[in-house]
Amino acid sequence: MGTPEIKDPREEVIQAWYIDGSDEDQRLPHHRQPKEFVSLDQLAELGVLSWRLDADNHETDEELKKIREERGYSYMDICEVCPEKLPNYEEMIKNFFKEHLHSDEEIRYCLAGSGYFDLRDQDDVWIRVWVKQGGMIVFPAGIYHRFTLDSDNYIKAMRLFVGSPIWTPYYRPHDHLQARKAYLEALGRKGAAGRARDAAA
């Protein structure tokens, strides 16, 4: 018997896949057929960072404290997105699902429930990132993305920010923004480095 492959613990709370082009309910998984999964390493190449943390003990979690200190996340709040807790729920969910970018990182840590964070890859194709309890993701400034709940209709998330929070969404197209230009430049550098690695292999 061979040694079982050690699974990245993040994969139990963060999964990603390419989605179909269907206009069906946004809260469905929207897998392509056959399914096309995206690895956490592929997400990292797009600038997306991820962790698995202890959501049940987030108030005393030393690992979360260390991440906040290292990355300068001084601001924190907690929000719940569900029909019972969010005023103008249907309208807000539609707004969250409009494609947009921010001039700063977007940091979300799922404390309970789950939700879908969709983002564009380097070829402008949608990837769906399913974040469940214990999963924390950081989207880089300048990446086009959107959010929706899944069919369970509930997420409780911690929002982190460097300094005073600025939640301004810049709806697509906003390619002239410096954050977008910087992101594309960084993506180009990563792509060139990857091609060089492949050529050397």
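Just so you know, glycine gets a Cβ as well, placed from its N, Cα and C.
Owing to the predicted nature of the structure, the values given are computational and were not obtained by experimental measurement.
The Fe(2+) binding site annotation in TrEMBL covers His100, His102, Glu106, His145. With a cut-off of 8 Å between CB atoms and residues at least 6 apart in sequence, the same chain places Glu99, His100, Leu101, Glu106, Phe117, Asp118, Leu119, Arg120, Phe139 near His145 (Fe(2+) binding site), listed in sequence order.
As annotated by TrEMBL, Ni(2+) binding site applies to His100, His102, Glu106, His145.
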Residues near His102 (Fe(2+) binding site) in space but at least six apart in sequence (CB under 8 A): Phe139, Ala141, Gly142, Ile166, Trp167, Thr168, Pro169, Tyr170, Ala179
